[in-house]
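Here is what TrEMBL says about this protein:
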BINDING   Ile6, Gly7, Leu8, Gly9, Asn10, Met11, Ala64, Val65, Lys66, Pro67  NADP(+) binding site
DOMAIN    2-90  domain 'Pyrroline-5-carboxylate reductase catalytic N-terminal'
DOMAIN    154-253  domain 'Pyrroline-5-carboxylate reductase dimerisation'
Amino acid sequence: MKMGIIGLGNMGAAMAHGLLDNNIETFLYDRSEEKRDAFKGNEVARVVDSEVDVVKGADAIILAVKPYVYEAVIEAIKDEVKDQIIISITSAFDIEKLEKSLPNKKLMMALPNTPAKILNSMTGICPGKNISEEEVKEIRKILSNFGETEIVEEKNIKIYEAVSGCMPAYVYMYIEAAADAAVSYGMQRDMAYRVISQAVAGSAKMVRESGIHPGELKDQVTTPAGTTIKGVKSLEKDGFRSAIINAVDSIMNK
């Protein structure tokens, strides 16, 4: 399957690198000549001169432009869309909105988060009604080139974004706060960031690979009268859990 990407900003460029690094032929377009030129030396990159050229060359096209540009891009390509799969990467332009402009076409949402920039995304995939299971499998395999994927029902897209798309920001806030505390007790900031970010990464990997409930993993660290349980007690007193739940609530209720 030949891929296409319209828009080579931070996310589009990251996705392009993930595909090209795995020798997937990819048609690329951005309004910026500078952004297009950055890919011209790649053997499997097909840098073209318009959005329409991407659609003509590719079997599946990722729309990696800003949400406010979607309507203009779809207007430009709609007459060339035949059997190609059109992929939105923003919930602001969901399957329902895509169908209004591209009725009876093969449509999909694929929602990566920002770690896609280092090929470590969590991408939620929501296929439209006209896409076959085999096509979903193939797209999922291709998108796994820049991270993990998960099939998400359209009714769960908003909560998916709240806990996956927004999660990096919450984690960065935790790392920054913990580093500030470490610095206040004399640790060098660069060391604090290294130590804390690895602790976070290792803890997440434990949840994914061990199959053990997060609460049980927490209990394994909190020995009686130890330092960790004192920190946990302080977090509970200050509403750590409720703050996270409230953050998700605020997104769901906006």
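Just so you know, glycine gets a Cβ as well, placed from its N, Cα and C.
Curation plays no part in TrEMBL annotations; they are all automatic predictions.
Around Leu8 (NADP(+) binding site), taking its Cβ as the centre, 24 other Cβ atoms fall within 10 Å, counting all chains. According to DSSP, Leu8 (NADP(+) binding site) sits in a coil region rather than a helix or strand. The binding-site residues considered are Ile6, Lys66; of these, Lys66 has the fewest other C-beta atoms within 10 angstroms of its C-beta. Residue counts for the domain 'Pyrroline-5-carboxylate reductase dimerisation' (154-253) under DSSP, helix first, then strand, then coil, are 84 helix, 0 strand, 16 coil. Broken down with DSSP, the domain 'Pyrroline-5-carboxylate reductase catalytic N-terminal' (2-90) shows 37 helix, 19 strand, 33 coil. Within the same chain, residues at least six positions away from Ala64 (NADP(+) binding site) with a Cβ under 8 Å of its Cβ are Ile5, Ile6, Gly7, Leu8, Gly9, Met11, Gly12, Met15, Ile89.
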